[in-house]
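Below is one structure; the comments refer to it alone.
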Amino acid sequence: MGLRLILFFLIFCVFLTFESPILKHVNEVTINEGRKDIIDGEIAVSEKQMNRVKEGRTKRQVTKTNRKWPNATIFYYFESTFRITTRELIVAAIYHISSRTCIKFKESSTATNRIKFINGDCASYVGMNGGEQGIWFSSSCNVIGSAVHEIMHALGIYHTQSRYDRDRFLTLNLSLVPEIYRANMNEESPKTTLNAVPYEYASTLHYSADSFDYGFMLPREKLYTRAMGLRRVTFYDMVNINALYSCGCSKEMDCKNGGYSNPSNCSECVCPEGFGGTLCDESPPNSVHLTAAPKWKGYWIGFGYEDYFSPIFTINLIFITAPADKTIQVQITEMTGFSCTSGCYYDGIEIKVKGDPRITNPVFCCKDDEGVMNTIHNSKQNPLPIVLFTRYYTNKVTIQYRYVDVPLSKNNLTTNGYDNFKYYE
């Protein structure tokens with residue numbers, strides 16, 4: 001797989017020589033405008049399913065027909081004209097899922113039930129329909145999270161903003177949504193969706209704040225506005241797949257920091273981003289290690305590459321430690337080279353201050369946003385990971401950090417409500 005990804009990047013560089021990268025943020029909704037077989041912006045439906053919707057039946061009745069793939073095995077193939085750069089991105093997305101879940105992907109154009117990857121748009125059916133079904137994918141949504149997004153639909157998972165508990169987390173202004181889409185913005189019910197993880201604004205299945213028109217959907221936690229629409233693929237996205245397909249290991253590893261035994265290789269743990277090692281109790285390789293003191297310290301880091309544009313994010317990590325039970329504080333004092341995009345589409349910073357190490361925190365890519373610059377963030381984690389990500393050009397960020405004598409142990413322990421892992425709230 002390493003050789004394939006190297007080949008992919010080489011081919012992609014050649015591709016950029018002849019075609020300018022599309023730097024306009026194109027989301028899954030806008031790319032599908034005009035298609036009549038689409039609901040929810042980029043979910044494909046069959047003619048029979050669409051007729052049910054037109055007859056006034058709710059979308060919930062459509063979701064009840066969705067089926068899981070037998071034996072957690074997905075057969076797929078590419079149409080002959082499928083672009084090689086996009087093909088390699090799909091292969092990378094398939095590897096991302098299969099290496100963290102029990103889902104198996106097998107290439108076959110003759111299997112009874114199969115997926116055909118087709119050039120154009122950015123859309124998928126939800127679940128296994130039976131026979132051949134399409135996933136449409138365009139170079140205009142050429143980012144790793146969009147590829148995983150469409151494959152997750154094919155596995156049977158709907159959008160995060162369709163969850164039946166979404167009104168606790170979102171403020172919706174449906175007057176900003178085109179009439180053709182409004183009926184499909186209703187939340188699902190417990191009978192039609194599986195909520196196996198906490199509501200996550202940064203899930204790769206969540207639309208951005210500007211999917212239809214900016215302001216139609218805003219998070220109740222304002223700092224999460226730019227996290228919505230993030231296409232980095234989250235830890236909880238993979239947990240969701242494992243829950244739907246009842247993936248697991250007969251013997252569980254003693255994974256720390258909320259990691260889980262990897263169903264594709266039960267001798268290892270899948271770790272939340274920011275943690276590594278056999279049991280998720282170490283920093284990932286090549287992390288920058290900083291040690292906090294009672295007085296503020298400063299640190300700056302540049303990351304990314306000149307003339308660099310990729311559909312796959314480059315991840316850099318800062319790992320801040322302090323004496324046991326102390327509270328670490330961090331503030332951003334400078335950031336340059338970042339693009340102020342919805343969903344932090346090209347680059348961003350995530351300071352993992354929340355107690356749950358698995359959840360994606362607010363992401364910052366626009367220094368003019370309220371609460372970004374010179375705002376002190378108090379961490380419920382020690383050590384504290386900071387995730388720096390980019391897929392376009394170079395970035396620089398300067399932080400200040402210290403610890404204060406506020407015991408973490410004075411915080412209440414809680415769970416996410418879906419499993420028994422405890423953390424400070």
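Glycine residues also receive a Cβ, built from the backbone N, Cα and C atoms like all the rest.
Positions annotated as signal peptide by TrEMBL: 1-19.
Restricting the average to the domain 'Peptidase M12A' (60-248) gives a pLDDT of 90. Residues or ranges marked as domain 'Peptidase M12A' by TrEMBL: 60-248.
According to TrEMBL, the feature Zn(2+) binding site maps to HIS149, HIS153, HIS159.
Of all the Cβ atoms in the protein chains shown, 29 others lie within 10 Å of the Cβ of GLU150 (active site). Per TrEMBL, active site is recorded for GLU150.
Annotated pair GLU150 (active site) and HIS159 (Zn(2+) binding site), C-alpha to C-alpha distance, rounded: 10 Å.
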